[in-house]
Amino acid sequence: MDDILKLPSFAEKPKGKGNGRAKHTVLTLSCVLSGDGFRAALKSKIDEKEEEFTKLQKKMDREENRRKREEEKAAAKRRRELAKEEKRQKRQEAMKKQKELKESLSERFTNPEENFSGAASTLLDPRFKRVPFSDSAIRVRHEEKIINMMRPLFVADDNTLNTEDE
């Protein structure tokens, strides 16, 4: 079909070695095809080119779509990785805060029986007279500490009583 639409030259060069031969003429396109035949050949050639262009366009569209899908997959993968990293960082921060809170609570609220102020209040308040300590050694230690704290007061009272008696 390509040969139909190519315009031939009006004269061919002679074949062979000699230049003395006469040139012969070749028929032109208009002589070979009639108007309707030429239009049909031209239309079929245009249709072939349009079909080829459409195929190329579809191929380019497929390549573009494939490239976009790959970019979207890569972007989705980056988003997932960023989300994982953010989640990991949040988890680490939460664990750090939990550890700090645990340490501060254990520092402030140790075993209440070990806390002298709470134990002394419990021992001296008659309402809690029957509340047992989990460890009797702790109870005895706090009782002794209270007694030792009260001794100077009794000694001082004895001295003032002795001086008044005289």
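Placed from the backbone N, Cα and C atoms, the Cβ positions cover glycine too.
What you are looking at is a predicted structure, and each value in this text was computed from that prediction instead of being measured.
Here is what TrEMBL records for this protein:
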{"type": "COMPBIAS", "residues": "49-75", "note": "compositional bias 'Basic and acidic residues'"}
{"type": "COMPBIAS", "residues": "82-106", "note": "compositional bias 'Basic and acidic residues'"}
{"type": "COMPBIAS", "residues": "108-118", "note": "compositional bias 'Polar residues'"}
{"type": "REGION", "residues": "1-23", "note": "region 'Disordered'"}
{"type": "REGION", "residues": "49-118", "note": "region 'Disordered'"}
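The DSSP breakdown of the compositional bias 'Polar residues' (108-118) into helical (H, G, I), extended (E, B) and coil residues amounts to 4 helix, 0 strand, 7 coil. Secondary structure counts, DSSP: the compositional bias 'Basic and acidic residues' (82-106) has 25 helix, 0 strand, 0 coil.
Counting residue by residue with DSSP, the compositional bias 'Basic and acidic residues' (49-75) contains 27 helix, 0 strand, 0 coil.
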